[in-house]
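A.B. asks: Pasting a structure here, questions to come.
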């Protein structure tokens, strides 16, 4: 009887904690309810020009040997018209449509039909069914974490085909690169439009929807927090990881195969890009359960920003270094190659260890050792929307004592290494570091704005203790 009462009390406490977490979540997470003019202008700009930016970069490689200035000079001097460039652009083909349809269907099957088995034999790997964060409506979604498994199966089949079966050429992705771009755009716009319609008429959870009344903002930033079909098909987790990130390493491998076909060898720069970006991709899938606690899952709604972005922007602009090296093979000197490798590995080490320190601190509530000693922190308090006061701790030790977002610093170091592997003849490969700097700086500001609203004067104490955001002594 006593055991039954204790169990009942524990369940009540758990339910109460979930309710409290929900109220906190409602006050702190989710996109805006209202749209200011600056945000609306930014949204319309991205909707209009982001697809054109992708097309411009890919077209410049296909028609102008990766020069970003020559297309503009041709147009300004009258040497060519827009119609000339467009008419030379490969169109959508049945072959590309078939390849892309089979690819997406295969990833859907791997995602929803094959439970994870990697966690059963890989020590330290967290896979299988995992819980996400509490949504504003108080829902705790469950996810089948099997991205690493999908990546392994996909790549085993890729190498088996390349070495034994020869059903298709390893250069198949490069050979159909622009026709596949049109397929990716079709999927990106289709899933984004479907997500918006679903949010209006049959949402997964109506309490996790936000409507601003502005069509453009709702379309881009999304209405539903966690749109799903059935029990397991979660739009955010699937489209961010599969087919986009699984494809990342396959795309680079196809570029390397094309370089081998054209020039009879694969340069050390192409190997560096494949290795460093491959480490990043594997890290994502190894820590996919951790990703459930990140800003993408816990804050962003699913709209065009994620739907189209994951289908088009990610696979086409994150792989620019490999594409560039097909058109401009670069054989780096030993010192240059070693420097790029060291920068990339150091960036990855900082990125991973910084996140590890934060996770360890949170799991142990500060009862751990960071760099051999007990971590320092600032006690913070905040009040939820129902007036309940909560307490938390902000660490000021280890890498988190150097800068408030030092994990992003490591990420940027890795991003710079990818670009430096391509040499210095063209600016196109350096788009990635420019984009990542803007993206992560914006994330810093966005995150700190929420933290300032949440913690108030305690946040000012924290920023006084850790005055820099990304670069100690500079910014």
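Glycine is no exception: its Cβ is also placed from the backbone N, Cα and C atoms.
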A.B. asks: Could you check which of 37-58, 59-80 is flagged in TrEMBL as transmembrane segment?
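C.D. replies: It is 37-58 that TrEMBL annotates as transmembrane segment.
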A.B. asks: Given 127-147, 148-168, 211-231, which one carries TrEMBL's transmembrane segment label?
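C.D. replies: When 127-147, 148-168, 211-231 are checked in TrEMBL, transmembrane segment belongs to 148-168.
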A.B. asks: Among 332-351, 352-371, indicate the range for which TrEMBL gives the feature transmembrane segment.
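C.D. replies: The range carrying the transmembrane segment annotation in TrEMBL is 332-351.
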A.B. asks: Could you check which of 302-320, 378-396, 454-472 is flagged in TrEMBL as transmembrane segment?
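C.D. replies: My reading of TrEMBL: the transmembrane segment range is 302-320.
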A.B. asks: Counting only pairs at least 6 apart in sequence, do the transmembrane segment (262-282) and the transmembrane segment (332-351) share 3+ Cβ pairs under 8 Å?
C.D. replies: yes
A.B. asks: Take a look at 92-114, 148-168, 180-201, 302-320, 332-351 and tell me which one has the most Cβ pairs under 8 Å to the transmembrane segment (37-58).
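C.D. replies: If we count Cβ pairs closer than 8 Å to the transmembrane segment (37-58), 302-320 scores highest.
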A.B. asks: Which bits of the chain, at least 6 residues beyond where the transmembrane segment (302-320) starts or stops, bring a Cβ under 8 A of a Cβ in it?
C.D. replies: 46-47, 50-51, 53-54, 57-58, 181, 184-185, 187-189, 191-192, 195-196, 218-227, 235-236, 239-240, 243-245, 247-248, 251-252, 255, 277, 296, 428-429, 431-432, 435
A.B. asks: Can you tell me which recorded stretch out of 92-114, 180-201, 332-351 has the most Cβ pairs within less than 8 Å of the transmembrane segment (148-168)?
C.D. replies: 92-114
A.B. asks: Could you give the residue numbers and ranges of same-chain residues that sit at least 6 residues beyond the transmembrane segment (332-351) on either side and whose C-beta is under 8 angstroms from one of its C-beta atoms?
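C.D. replies: Non-local partners: 267-269, 272, 275-276, 279-280, 283, 399, 406-407, 409-418, 420-421, 423.
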